There are 2 protein chains.
Amino acid sequence: MSETDLTEPELDTTQLDEDDRLKPAFVRAVLDAVEAGDAAAARALVEPLHPADIADLFELTPHEDRAALATAITDLLDGDVFAEMNDYVREDLIDALSATQVADIASELDTDDAVAIIEDMEPADQREVLRALDPDDRAAIEEALSYDEETAGRLMQRELIAVPEHWSVGDVLDYLRQHDELTTDFWEIFVVDPAHKPVGTVALSWILRTPRGIAIGDVMQREQTLIPVDMDQEEVALRFQKYALISAAVVDPVGRLVGMITVDDIVHIISEEAGEDILRLSGAGDGDINEPIHLTVRTRITWLVVNLGTAMLAASVVGLFQGEIGRFALLAVLMPIVSGMGGNAGTQTLAVMVRALATNQLTSSNTGRMIYREFRIAAANGVMLGTIIGIGTFLIFGNAHLAIVIAMAMVINNLIAGLSGVLIPVTLDRLDIDPAVSSAVFVTMMTDVMGFFSFLGLATLFGLGS
Amino acid sequence: MSETDLTEPELDTTQLDEDDRLKPAFVRAVLDAVEAGDAAAARALVEPLHPADIADLFELTPHEDRAALATAITDLLDGDVFAEMNDYVREDLIDALSATQVADIASELDTDDAVAIIEDMEPADQREVLRALDPDDRAAIEEALSYDEETAGRLMQRELIAVPEHWSVGDVLDYLRQHDELTTDFWEIFVVDPAHKPVGTVALSWILRTPRGIAIGDVMQREQTLIPVDMDQEEVALRFQKYALISAAVVDPVGRLVGMITVDDIVHIISEEAGEDILRLSGAGDGDINEPIHLTVRTRITWLVVNLGTAMLAASVVGLFQGEIGRFALLAVLMPIVSGMGGNAGTQTLAVMVRALATNQLTSSNTGRMIYREFRIAAANGVMLGTIIGIGTFLIFGNAHLAIVIAMAMVINNLIAGLSGVLIPVTLDRLDIDPAVSSAVFVTMMTDVMGFFSFLGLATLFGLGS
C-alpha cells in the first residue's frame, strides 16, 4: 500500500484552541461555506489541517451536516483521515460512500487501518468493497478479518521488514534502498530463521550506528517479546506498556512471524481500556458521545433497571421496619446517611480494585494482603465517621441511644463496604467476569441492604420506635 | 550515560502467569531463599528475569521483606529495574540505599528516568546524590529538576540526535557510526537550523531507505508537532495520542530544541491519566495499592467527610416531612428508590462527561449539543423508569396516588440527574477545576436532595400522609 508524502506543509495550528481542538469559529466558518454551496471556500479552509484535525472536524459537525461536508471536501478525505476518525462518525460517512470509494480509501492504508474501516460494514457492503480491492490487499484484509475482533490478528499490520540472520548490515541497507515497495512504517527489523520464526529484533538506531560489514545476527537483540496472533488487545496493550515496546512481532500458533504491531496503534487502546472502566462501573456502556442516541438509551436503561431491582430489595428491608418508623420518624431521616456513606466508601474501594485488576497489579500473590489492607482502611474510616455522626446526632437530637445506634451502624456498614468492595471484584475476576461491568450493582446492594438493616435493626434492638 | 547490552539472554517467561505477572510460587521461592540467608539461590532465581519483572517482584513482596530482598540481589538492581518500579516501592528502596549507590544507579539512566528516581527524595539526600554524580549528568539532572513536576521538561531526555539541514544521509550515517557516546534510544532524527531551532524530523526508516548522497533537508518531514518545555504531561500525552507520535522535539520558549520525549515514556502517562479519573471520581485519590496505608486513609476520609455533609443536608430535607412519614411510613420505604435511581443515572452521565472532557472530545463547539443529548436521554430513561415503578407501586400497594407521585418524582429526578451530570462537570472545567475530583459530590447532592424533596413534596401535595 502507498507511502505518505515526504514533504508535507507546516502544521497549521492557528485554528486550534489550547486543547489542540478546532475552534468553534473555525468549525462554523467551514459549515457556513458548505451551506452556502461554496465548496472551494470550504476546501481552502480545511486543506491546511492535519488528518487528525479533519477527522475532528467531522466529529464536531452535527450528524445531519456531515454528508454535505463530506461532499464538499471529498478530495481531502484520504485514508489517514478515516483512520483517525471516531468509529460512529466513520460508519456514518462510510454509509454515504460507494463501495469503490471505500476501496480506494482502504487501499491507501496499512492492513490494520483498512481492517478498522471495513470490519464494521454490513456483510454485503463488505464483500463489495473487498471485490473492488487489489487481489493482494484483498487477501491481506480477508486474512485479518479471519481473526477474532479485538485480537492481535486484527490489530497487526502485515507490512514489516524481516531478514535472515546471516545478512550483514550492508545487505539490509541495500535491500531497503532497492525495494521501493516496502513499508516505511517500521521502527525495528525482525530477524527470522529459515522457517520464518523470529529469532531477534534490531532497533533501527543500532543498524544506523553499525558498520556495513557486521552480521545482523551479531547486533540483534535475542530477548524479545512475541505477541500470539489470538491475544486479546487489552493484554497486548499491557505487554507493550510493561516492556516499553515500540513494535513487536506477532506469531501464529506454530511460532511463525505473521505480522507486526506498532506502539502508535496501541496508545489508543491503552487510553480506551483505561478509560472504559469508569464508564462500565457506572453502567454507561462504552460512553461514546458520538453513539446514536437510541443505543445509548438502551445501554443505560438496562443498567438502571437492574439497579431498580436492587433498590426495591433495599426498600423491602426498610419495609420490615415500617412499624418502628411510623412510631419514630427520625429513623427515616437518618437511615439514608448510613446507607449512602456505605455506598461512597464501597465505591472508593471498588474503584481502586477495578484499576488494580485492570493493570494486573492485583494478582494472586498479593490478594490476601490487599483484603487485609482494605479491612484496616474500612475500620479506620468507619470508626472516624461513626464517631462524627454519633456525636452530631447526640448534640442535635439529645438521644444517646440513637447516637450509639447510628455510630455502630456506620462502623458495620463501612466494614461491609470495604470487604464487598474488594471481595466482589476479585471474585468476579476469578470467574472471568469483567469486574468493572458487574461489581457496582452488588456492592451498592450490599451497602444499601446492610446499611438499612444494621441501622434499623440496631434501633429496634435498642427499643427505639417501640 | 551508558548503553544496554547488545546480547541479552532469551526472555524467560516460565515464571509468568497468563497476565505476564510473576507466579505466587516463584515469589515465595525467592523470599524463602532470602529468609534462609541463601542469597546465591535468590540471585539465581531472579537473574533470568526482565527488569520490569524484577521491579514487579519488589511490588509483590510485602513491605517488611523488601530491604532483605534488595540486599540479597543488590548486583541485579540496575537503573532499568528502578525505572520500571512503582513510585512508592521505589521510595521504600531508595531510602535503604546510600547516596553513592543511588548516584551509581542514576548515572546509568537517561535523564528522564534518573530524574524520576531523584525528584521524590528529601532535599538533603537529593543534594548528596547530585554531588556523587558526574558533572555532566549532574548538570542535566539539575536542569530537568528546574522545570515544574509533571511537565514536558521533567519528562524529556536530553540525549537526542540533531543534525543541520545541509548534511547528506551519508554524513548522518558517518556521524552516528563514529560517535560511540551518542544515545541509542532514538527513533527519529531532528533537523535544526543554526540557532538550534527544529526545522524538521526524519524517521529512521527514511534514512535507511535513502541513498547516501541525498541531503537530509530533502527527506525530512517539515510538518512536525513541537512540545513546549512547560507543557503539562497530560497535554503531552494527548498530543502524542492524537498525532500518533513516536517521538517529539521539546522546545524552550524561544523555540530552541532542548530535549526529546519518546512514546515509551508516554504510555505510562496515558494509562495513568485515563485510569485516574475513575479513582478521582470516587474520591480514592491516586488509588495506588502500594501507597502507605495512613496516606490512603487520609485521602479517603477527607472525601467521606465532605460526603457526610451532603448526606446530612439530604437528611434534613427528609426531616421537613417527618410528620407525613410518621403518619404514612410507606413514604420512607419508597423514598430511597427515587434518590438512589437519580444517583445512578447522574453517575452515568457524569462518567461519560468526565471522560469526554479528559480526552478533549467535549469542546466549546459541541457542549450545547451534548446538553441537549443528555436531556433527551434523561427524559427517555425517566419516563421508562417512572412507568415501571408507578405500575409496580400500584400493583403492590393498590394506591393510585402513591403510584402517580413516585412516577412523577422519578421523571423529575432523572431530569435533574441528567442535567446536573453534564452541567456540573462542564462548569467546573470552565472554572479550571478538575471535574473528576469535585463533580460527584455535587451531582449526588442534587439527586439526593431533589429526589427526597420531589417525592415527599409531591406526596404532601397529593395529601398522602395527612
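Even glycines carry a Cβ here, placed using N, Cα and C.
The feature domain 'CBS' is assigned by TrEMBL to B:156-219 (among others).
Confidence annotation: the domain 'CBS' (B:220-278) carries a mean pLDDT of 89 in the model. Sequence annotations record features per position, and here TrEMBL assigns domain 'CBS' to B:220-278 (among others).
Outside the transmembrane segment (B:301-322) by six or more residues, the chain places 283-284, 331, 335, 339, 441, 444-445, 448-449, 452-453, 456-457, 459-460, 465 with a CB less than 8 A from a CB of the stretch. Summarising the annotation, TrEMBL assigns transmembrane segment to B:301-322 (among others).
TrEMBL lists B:328-354 (among others) with the feature transmembrane segment.
Feature annotation from TrEMBL assigns transmembrane segment to B:375-397 (among others).
Counting only same-chain residues 6+ beyond the ends of the transmembrane segment (B:403-428), those with a CB under 8 A from a CB of the stretch are 334, 337-339, 341-350, 353-354, 357, 362, 367, 370-371, 374-375, 377-379, 381-383, 385-387, 389-391, 393-394, 397, 434-435, 438-439, 442-443, 446-447, 450-451, 454-455, 458-459, 462, 464. TrEMBL lists B:403-428 (among others) with the feature transmembrane segment.
Panel annotation: around the transmembrane segment (B:440-464), residues 281-283, 306-307, 310-311, 313-314, 317-318, 320-321, 324-325, 328, 331, 334-335, 338-343, 345-347, 350, 401-402, 404-406, 408-409, 412-413, 416-417, 420-421, 424 of the same chain, lying at least six beyond its termini, place a Cβ under 8 Å from a Cβ of the stretch. Taken from TrEMBL, the feature transmembrane segment applies to B:440-464 (among others).
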Tally of DSSP helical, extended and coil residues in the domain 'CBS' (B:156-219): 20 helix, 17 strand, 27 coil
DSSP helix/strand/coil residue counts for the domain 'CBS' (B:220-278): 26 helix, 15 strand, 18 coil
